[in-house]
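In TrEMBL this protein carries:
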{"type": "ACT_SITE", "residues": "77", "note": "active site, proton donor/acceptor"}
{"type": "ACT_SITE", "residues": "187", "note": "active site, proton donor/acceptor"}
{"type": "BINDING", "residues": "14, 15, 46, 47, 78, 79, 188, 189", "note": "substrate binding site"}
Ligand code: DGL
């Protein structure tokens, strides 16, 4: 029997536009679902704030989406996941899927080189991340690379911009690229500048993000709870047409919504 909750939208949140890179992957995996996306731009960036502040902002974001009526939540932010996912899961009855730097897939590549993890200072300081490193440290050398300030630049200019290139040049000038086999993008914003990161590190180094894994994980979580919108028999339209409602904290509402829609369109997704 169909679960009536299956018709509800999926809630997705991030501090800004980074979570759109995750949403795009989810729409490609689950083209018949509806979404509500919350960008907490008023409090962006999360990654340089105190742990308790980000935990409380993440719980507030979840509360906001939950009041709209959602069947599941995706915390499309590594920083928020690293400090708040356990509390959120305890507080809400729906499936909650989070993000973590994709260290596991990087280790599973089986290369002998170092794994560089680009993420926000808070993600890299968190207990959750340090447990992840501890778990894999006998299999690979994992090198954290905090990128304070990068989220702000991406929010200002996510398309190829000089500021991004200059930031990355400065960042990588202190990194010994010798012996690095992969770079993990441990912040959903960085996926939006993957091209610039490839230009910086060269095409021999594998760049890994957790977006596909999160989309697959969400599909499984919905399936387990009979919450999947069962329209898989139909062929999805190309370009994909997605039903997304956007909610933005702060004043820049219209500008932000246009940016979010543009980013989805770059991925072949039209918001209807
Ligand atoms: N997209 C968030 C993440 O994945 C960015 C955090 C921030 O606002 O600093 O970590």
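A Cβ is built for glycine as well, from the same backbone N, Cα and C atoms used for every other residue.
In TrEMBL, annotation is done automatically, which means it is predicted and not curated.
Location within the structure of each feature annotated in TrEMBL.
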residue: 14; record: substrate binding site; Cβ contacts under 8 Å, 6 or more apart: 20, 22, 38, 39, 40, 76, 77, 80, 188
residue: 15; record: substrate binding site; Cβ contacts under 8 Å, 6 or more apart: 39, 40, 41, 43, 44, 45, 46, 47, 77, 79, 80, 151
residue: 78; record: substrate binding site; Cβ contacts under 8 Å, 6 or more apart: 99, 100, 101, 119, 120, 123, 186, 187, 188, 210
residue: 189; record: substrate binding site; Cβ contacts under 8 Å, 6 or more apart: 16, 17, 18, 21, 150, 151, 154, 155
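Take the mean position of the Cβ atoms of 14, 15, 46, 47, 78, 79, 188, 189, the recorded substrate site; other residues of that chain with a Cβ within 8 Å of it are 16, 18, 19, 45, 77, 80, 120, 123, 151, 187.
Fewest Cβ neighbours within 10 Å among the binding-site residues 79, 188: that distinction goes to 188. For the recorded site, residue 188 (substrate binding site), the DSSP three-state label reads coil.
Binding of substrate is attributed in the record to 14, 15, 46, 47, 78, 79, 188, 189, and the widest Cα separation among these residues amounts to 12 Å. Residue 47 (substrate binding site) falls outside any helix or strand according to DSSP and counts as coil. Classification of residue 14 (substrate binding site) by DSSP places it within a strand.
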